[in-house]
Amino acid sequence: MEARSGNMKLQERVPLRRTAWKLAELSILFLLLALLVHRVLLDGGAPWRSALVCEAWFTFVWLLNMNSKWNPVRFETFPENLAERVDELPAVDMFVTTADPALEPPLVTVNTVLSVLALDYPAAGDKLACYVSDDGCSPLTFHALREAARFAGMWVPFCRLHGVAVRAPFRFFSSTPEFGPADHKFMDDWTFMKSEYEKLVRRIEDADETSLLRHGGGEFAEFLDVERNNHPTIIKVLWDKSKSEIGEGFPHLIYLSREKSPMHHHHYKAGAMNALTRVSAVMTNAPIMLNMDCDMFANNPQVVLHAMCLLLGFDDEISSGFVQAPQIFYGALKDDPFGNQMEVSFKKFGRGIAGLQGMVYAGTGCFHRRKVIYGMPPDSIRAGREGTTGSLSYKELQNKFGGSNKLTESARDIISRNLSAEPVVDISSCIDAAKEVAACNYEIGTCWGQEVGWVYGSMAEDILTGQRIHAAGWKSTLMEIEPPGFMGCAPNGGPACLTQFKRWATGLFEILISHNNPILMTIFRSLQFRQCLCYLIAYAWPVRAPFELCYALLGPYCILTNQSLFPKTSEDGFSIPIALFLAYNTYNLMEYTECGQSARACWNNLRMQRIASASAWLLAFLTVILKTLGLSEIVFEVTRKDSSTTDGDGSTDEADPGSFTFDASPVFIPVTALAILNVIAITIGAWRAVFATTEGLPGGPGIGEFLSCGWLVLCFMPFLRGLVGKGSYGIPWSVKMKASLLVAMFLLFCKRN
């Protein structure tokens with residue numbers, strides 16, 4: 001499976017020049033430092049000292065950003081050269097995870113599964129296998145996958161016969177192709193397949209759980225009387241390639257719902273991924289694993305071939321411990337109104353960190369080496385530590401991987417590269433062994449979740465697992481191909497996107513204050529220093545919240561208490577914050593323009609950063625602090641997925657899907673309070689200025705404080721509209737009352753000062 005030497009390269013690392021960007025970043029850094037010096041030299045009281053602390057933090061964050069973008073690269077791949085360079089491509093086990101059939105509709109999962117079953121790969125039926133983890137233990141999800149397996153018998157041959165470009169049916173049938181006079185065969189096949197897909201959709205959407213359990217037959221017997229968080233392991237082989245009678249066929253398809261018990265912590269998605277890893281190890285044991293969220297379908301049918309160029313195309317495998325594809329969204333709302341499409345982040349931050357130790361693991365659309373997930377360091381580092389590259393003993397393997405003899409043997413084969421070229425004869429015969437390793441108590445006394453598999457201890461299990469891989473000495477690559485390898489749907493509306501931001505920030509802060517802190521990984525492991533700084537810029541999300549909240553409150557505080565925060569127009573240093581404000585926002589605008597985004601998209605993302613910081617990031621910060629003190633428990637929240645899989649325009653039933661929607665969640669309280677407070681501060685300040693009620697008093701606010709409050713009013717405009725909105729577009733009265741109480745407390749505090 002290793003690449004042969006030759007003139008035909010599989011990949012090329014292309015450095016990207018950015019001299020002008022570096023000069024711009026240094027200019028902004030100079031202005032930040034100048035502002036700090038001005039604060040130190042001219043002490044303006046408590047507000048100035050508070051601003052000094054916040055601005056010192058902003059300067060530190062800017063340095064982290066500069067580091068992450070300083071040496072960008074991109075990787076070009078050449079899959080047409082694989083046949084020349086590689087004798088035999090490795091097998092790939094593909095994992096699709098879902099957790100809740102209500103928030104993640106089965107039809108979404110089905111389209112993702114169908115897209116990976118139809119991927120282009122030599123001997124795909126023998127080399128590829130698809131495993132679906134259903135943490136909701138839903139008979140509806142199982143029914144949908146069973147129907148999908150039947151449909152795949154027609155869909156996969158159709159895709160391969162006609163070279164279909166996008167193999168998720170809902171996207172392929174979202175538009176009608178132009179048929180030429182010689183396309184009678186394709187037109188007839190397309191019409192037939194569209195009709196069959198519409199029947200599939202009806203069978204899935206019309207299914208009723210009660211009816212399935214009563215009349216679905218013996219296949220649903222294991223779902224009777226089960227609870228979502230208390231049930232035995234359920235494994236169903238929905239398609240066994242070894243029993244196929246249609247030629248090459250399509251990959252194995254296996255359904256898994258791991259055992260759960262109230263007596264054992266199931267570790268959310270990380271636990272599901274580890275169960276998938278073990279189950280696949282005793283069934284197919286492919287050396288490469290692909291993991292995908294249920295809503296992130298394979299958009300490029302040759303994505304696995306491109307990944308192989310990066311996995312096999314380096315002289316030393318240390319350069320590609322895993323291959324991460326950027327997250328790109330279909331049917332995305334114009335101008336990214338909720339700031340969660342992350343296109344600029346992947347291009348700027350992703351390419352920059354790719355020039356260091358490699359792209360972070362983003363949780364979906366990622367190809368892993370199984371040996372890397374098993375915690376094995378690169379051969380060169382392993383040899384340096386042990387003086388040998390010999391394998392672990394059988395007893396050591398059992399201590400790490402658990403008591404299953406079959407899993408231990410499979411792990412030894414992966415680590416020693418003693419992989420059989422023969423496909424598994426009958427994966428159905430492996431079900432008992434698979435159920436053993438999917439038991440909820442199997443991991444007790446093993447290294448799973450720590451040194452082996454996806455790492456526990458954070459809701460951001462993806463970035464933590466990637467950090468452990470980098471800390472072992474591995475590098476990673478960012479796979480940017482056209483068309484994009486994977487595409488998914490971004491959550492819309494206020495509650496969904498802020499829930500997602502809060503879950504991410506919670507997991508990131510958990511890592512920062514734990515023994516998995518990247519600084520410790522740099523000191524005691526093999527995480528490179530600049531890579532450590534790149535991880536810190538992600539982990540700084542929730543830590544930014546208290547600093548940004550403090551800075552946002554300083555403007556209203558100074559106006560209400562007749563104090564100053566910024567130099568006045570007649571004072572030295574007035575130009576520094578103005579130049580910094582203009583330079584920073586111009587820099588961001590140029591970044592978005594270079595990435596093909598509009599000025600409105602840039603504004604929406606800047607606005608959402610302020611909103612997320614004062615809501616989702618702030619609550620995540622407080623939640624983890626309370627958890628650390630033993631006063632609260634963290635609850636995993638699944639983000640609602642878009643179920644509009646009958647067309648590809650990303651439309652929803654809402655009149656204006658780009659408008660903010662609200663519910664009674666506490667995540668909306670801080671931002672609502674800030675929006676009200678800044679309006680009150682501007683009103684009171686303007687009243688005083690017009691009627692000269694503060695005339696003769698020393699100090700006092702200037703234009704800088706009013707501009708600061710006005711800027712925040714613009715950022716929080718969706719919440720001001722929500723104060724007078726109706727239905728889901730209006731802020732609930734419970735949120736308004738709590739926000740008003742916070743504002744009243746702040747006004748009382750200002751009055752006493």
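Cβ coordinates are placed from backbone N, Cα and C, and glycine is handled just like the others.
Feature annotations, reproduced from TrEMBL:
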type     : residues       : note
TRANSMEM : 20-41          : transmembrane segment
BINDING  : GLU104, ASP135 : UDP-alpha-D-glucose binding site
ACT_SITE : ASP135         : active site
BINDING  : LYS269, ASP293 : Mn(2+) binding site
ACT_SITE : ASP462         : active site
TRANSMEM : 616-636        : transmembrane segment
TRANSMEM : 667-691        : transmembrane segment
TRANSMEM : 703-724        : transmembrane segment
Among the binding-site residues listed as GLU104, LYS269, ASP293, the Cα nearest the Cα of ASP462 (active site) belongs to LYS269
Taking only the CA atoms, the spacing between LYS269 (Mn(2+) binding site) and GLU104 (UDP-alpha-D-glucose binding site), expressed in whole angstrom, is 14
If you draw a 10 Å sphere on the Cβ of GLU104 (UDP-alpha-D-glucose binding site), how many other Cβ atoms land inside?
25
Cα-Cα, ASP135 (UDP-alpha-D-glucose binding site) versus ASP293 (Mn(2+) binding site), nearest Å, comes out at 12
Between ASP293 (Mn(2+) binding site) and GLU104 (UDP-alpha-D-glucose binding site), how far is it from one CA atom to the other, in Å?
10
